[in-house]
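Below is one structure, written out as structure tokens; the observations come after it.
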Amino acid sequence: MGLQPLEFSDCYLDSPWFRERIRAHEAELERTNKFIKELIKDGKNLIAATKSLSAAQRKFAHSLRDFKFEFIGDAETDDERCIDASLREFSNFLKNLEEQREIMALSVTETLIKPLEKFRKEQLGAVKEEKKKFDKETEKNYSLIDKHLNLSAKKKDSHLQEADLQVEQNRQHFYELSLEYVCKLQEIQERKKFEFVEPMLSFFQGMFTFYHQGHELSKDFNHYKMELQINIQNTRNRFEGTRSEVEELMNKIRQNPKDHKRASQFTAEGYLYVQEKRPAPFGSSWVKHYCMYRKTAKKFNMIPFEHRSGGKLGDGEVFFLKECTKRHADSIDRRFCFDIEAADRPGIPLTVQAFSEEERKQWLEALGGKEALFHSFNRAIIPRAEGGAQLDKMGFTVLRKCISAVETRGINDQGLYRVVGVSSKVQRLLSMLMDVKTCNELDLENSVDWEVKTITSALKQYLRSLPEPLMTYELHGDFIVPAKSGSPESRVNAIHFLVHKLPEKNKEMLDILVKHLTNVSNHSKQNLMTVANLGVVFGPTLMRPQEETVAAIMDLKFQNIVVEILIENHEKIFGSLPDTSFPEPTCLSVSPPNAPPRQSKRQGQRTKRPVAVYNLCLELEDGDNPNPLKEDTPTSSQDSLSSPSPTTSAAHGPPRPDKNHLLADGGSCGDWASAIVINRKARAVYPCEAEHSSELSFEIGAIFEDVQTSREPGWLEGTLNGKRGLIPQNYVKLL
């Protein structure tokens, strides 16, 4: 049962039970007062903790913003650039979240702490003051009554009447005070229900507003997260391929390091210990130097370097060599020594010591000493084994035969070209294909003796066995340049230009192969071989470097991008001649590749990007493949690096329409308008997902009819599959 009501009529009687009920009300108010006081203290602690958390989050955000990944090589892929920028994105998201948290912390003070303090001081404090007055008047009233009742009856009537009047007046005053106190007690009991709960409601409203803002940020972040996941998957996929190539090169060098020395600008280079003579009592010391020699200029460089002191580099010395002489064992108490004499210090030889007898012989040969070997200090690039494969009529027959069988029997096979056949079977099939007699007898389209994976592996093996890659060593570097820089359109134009510089046979075979790969990618929903996946498979095959180095392996990802561009633009590249006015690849600008930003009408929202990620779990047979695909090997997304997705600003969603981006495909606003009136057709060069019912969703290659300019800047109006809607102008190319 709750508190009993205080009846005004009981104030006159002031019974013991009435007093008990008053004490119960007073005790409840005291409990409420203590609770509010403790709650205010906890609220202030909550604000302090929130501020501490916010400060820690902001510091974390600053740390993320200030860090930058370094990359190996001279350029990054578009995916890697997005990953690099992700830390700044994360920092901005945290910053936005903490701004909302700061607003919440301020609202706690204004909506909870201050109202509760006001209620406690003004309302509960007022009741406390009333209680003091009530207790004081109670004491005064009953003291006066006791004193009055002790008056002697023998006193004069006038005196007694005066005393009676005073007691009655005091009792009336006490009665009125009692009525007011009882009224105040009951009023505050009722008032506390809303005076206390209303601030709590405001507090929770502010808290839920914060969480709602966090939810909105989360939705905004979700679009970015999907894009970043694709970037990460593509980068991880390329990493797996690069790692296997690096490990293979490392094992080759481990087995035979002398056959894999890199070509150098120096005739000889390496460490030598140089004798430094001191005054007679102190003898001499031997200091390790890194030495480099150019035979054409007879220039010798020496730089002291000590590994054990943390890699301390000393001051170098340069001189022109006059002659080099081998030191015999009986002339010095050290092995592997020889003398070198500088042209400007005749007669003062410098004694040096090699690491071994073999290295001394190599140095003597390079420096023109008396004892020379028949091999060079720096070896030439090792040619690859030809393996019998040639770019001839037989080679074209092999290619066409394999492609026909694949497109007839296995175009929808999952992991086509990624699943590797048994090595022994692949070699046997390739041998039969390379033989004129057996090749004519092979019926790969109808034979069940040869699995599709064996045929695809044989095709790849033939291409790898060519004396030089299909896209040639000569143009290898030129093909890589546009993949590292420029806009998507300039990349396509550069590759188009370079393909037509290939020898005719190379270009013809590349055309046949890429046309087939385009067909394979068109069936990616069934075979899971997207353009990006095919780039990973065929990049190293079509564009292997002439020299095996880590730097060359780091360029694998750009080789993949070149192949992606070939597949996505096969019809244009092989079906038409390049623009003769297009500059040579070496003259291409090296501006960072930025896809046109998505134009959004609603500030603060990110663009969505369709995601099609397939879990490709492939196993190889007999362990023949040196780079097996594990079950957890990530596969790349449907999006290709050669056509990067539109990017958005770091923290505030996509930027407003920008002429520089809107006119990225060339021309001016007037050119666009006039061209649209004439052509009235456009093709999508980027995929887009509609963010509003008035917009159109489409994939790359979609053809729009009846294209017209829109009254909204940065947008076009067009019809796709019978539906009319808005199209981002920088997402399409006029036909």
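FYI, residue positions are counted from 1 along the chain as it appears here.
Each Cβ is built from the backbone N, Cα and C atoms, and glycine gets one as well.
Cross-referencing 225-252, 253-280 with TrEMBL places the feature coiled coil at 225-252.
Secondary structure of the domain 'SH3' (677-735) per DSSP, as helix, strand and coil residue counts: 6 helix, 29 strand, 24 coil. Residues in the domain 'PH' (265-372) partition by DSSP class (helix H, G, I; strand E, B; coil) as 20 helix, 51 strand, 37 coil.
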